[in-house]
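**Student:** So TrEMBL lists these for the protein:
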type: DOMAIN; residues: 72-142; note: domain 'Cytochrome b5 heme-binding'
type: TRANSMEM; residues: 179-202; note: transmembrane segment
type: TRANSMEM; residues: 313-335; note: transmembrane segment
type: TRANSMEM; residues: 355-374; note: transmembrane segment
Amino acid sequence: GAGRGSSRAGQPRCGARFPWRRAWGTHCDACASPHGRISLCFGRIRGTPRKAGHAAGLSAPHALRCSTPGGHTGGGPAAEERWLVIDRKVYDISRFHRRHPGGSRVISHYAGQDATDPFIAFHLDKTLVKKYMNPLLIGELAPDQPSFEPSKNKKLVEDFRELRATVEKMGLLKPNRTFFLLHLCHILVLDVAAWLTIWYFGSSTVPFIFSALLLGTVQAQAGWLQHDFGHLSVFSESKWNHWVHKFVIGHLKGAPASWWNHLHFQHHAKPNCFRKDPDVNMHPLFFALGKKLSVELGEQKKKFMPYNHQHKYFFIIGPPALVPLYFQWYIFYFVVQRKQWVDLAWMLTFYIRFFLTYLPLLGVKGILGLHLLVRFIESNWFVWITQMNHIPMHIDYDKNVDWFSTQLQATCNVRQSLFNDWFSGHLNFQIEHHLFPTMPRHNYWKVAPLVKSLCAKHGIEYHCKPLLTAFADIV
């Protein structure tokens, strides 16, 4: 294997050939150092000088000093290192993670783990990305070591990678740009229709509410469209997806692309994994989520809310309040605190356009009321759709299982229909979307039978429900 640097003569090379099966709770025979329970076969290291031979799992490691067990996860002090494995190559992301285009946290969630499948799932031009990864390469797993951690189903990993190759050969990752153009056009038509309604019929109650419903629909559908660009599903080059993403989420919705990337990619990397998926961060402050986490709260005798009534107060602090009372204000704090000035500029174009077009028709009070009502409609639409696929599913700490199992245990589908496809932005195919996040949504239905077949082969339940049942299961 090719590692950076070399060990000094006469020093033990215990890490060079220390297989996973021996790394779990054992000692290194060469130096009697305790390795304990560690992710992959890495011992946690920190500081310098580094002594040779303790980069467990590297076939020719550079000089390292083994410290406390637990793996290079970066979970402790800032000086601790973060390593991950992609295609049996070991990368040190200790400094790079803060410059990672997809966000620091999403890549750090895989520190100490094999990240081959999420790497393949999230990146379009993998050859280009790997060129930038070369300076991070510090070694390679020894030939006698397995390619999968003990927590992962080897056969399932192999079968899913075969399915991924089949999907690519079928062309299911190639977008139909006409589909997305028509979707953008229907959003713009609804936006114009909302303004014409008030301009022509006046600002009385009926046209005001009808216009708000149209604008709420615009916000929801623009949300699904920005989701497509954010996942690099429309153009073959990432930069074009990023630029149009900023336009759709910034100018059409008034939100920052950087904020969405920061949260949403974490969700996809580790769905329903407590402390890694921000979508379940409402536990335990507002809701008790998941059977295991709820039992844990009971054992710790912690209670932040009257959880036995959470199915009731969900209708107050959940769908109606998330966007107008939280997202609406937090996004400005986010862009200013992180100095995302380009995103802020795009956001301001939305508010300038909205106020210039509606202020002459409604006045200050009317336009503020319209904006609040639109956000209220958008919030209800957004919360019910996004939570129906995940909240009723398994929620737990990260168990580092294989990519396919990670997504299936945290995700469910809603039955297909023309209305469900449009209403949910094709997120009724949430399972397929999570397995292939860069796949254009108009191809989800084509890959669904293949995913069902793989589930049946390995005895994994493929959850699919009617729309109203999915809504009821949230509460």
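Think of each number as a place in line: the chain as shown, counted from 1.
Heads up, the Cβ atoms here are built off N, Cα and C, so glycines get one too.
Remember, TrEMBL labels are computer predictions, not curated facts.
What's the neighbourhood like for these features in this structure?
**Tutor:** For the domain 'Cytochrome b5 heme-binding' (72-142), residue counts in helix, strand and coil come to 27 helix, 16 strand, 28 coil, using DSSP.
Under 8 Å from some Cβ of the transmembrane segment (179-202) lie the Cβ atoms of residues 208, 210-212, 214-215, 217-218, 221-222, 224-225, 228, 234, 248, 252, 357-358, 361-362, 440, 442, all in the same chain and six or more residues away from its ends.
Sequence-distant contacts of the transmembrane segment (313-335) (same chain, at least 6 residues past either end, Cβ-Cβ under 8 Å): 255-256, 258-259, 262, 286-287, 305-306, 341, 343-344, 347, 372, 375-376, 378-380, 382-384, 387, 474-475.
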**Student:** Within the domain 'Cytochrome b5 heme-binding' (72-142) only, compute the mean pLDDT.
**Tutor:** 86
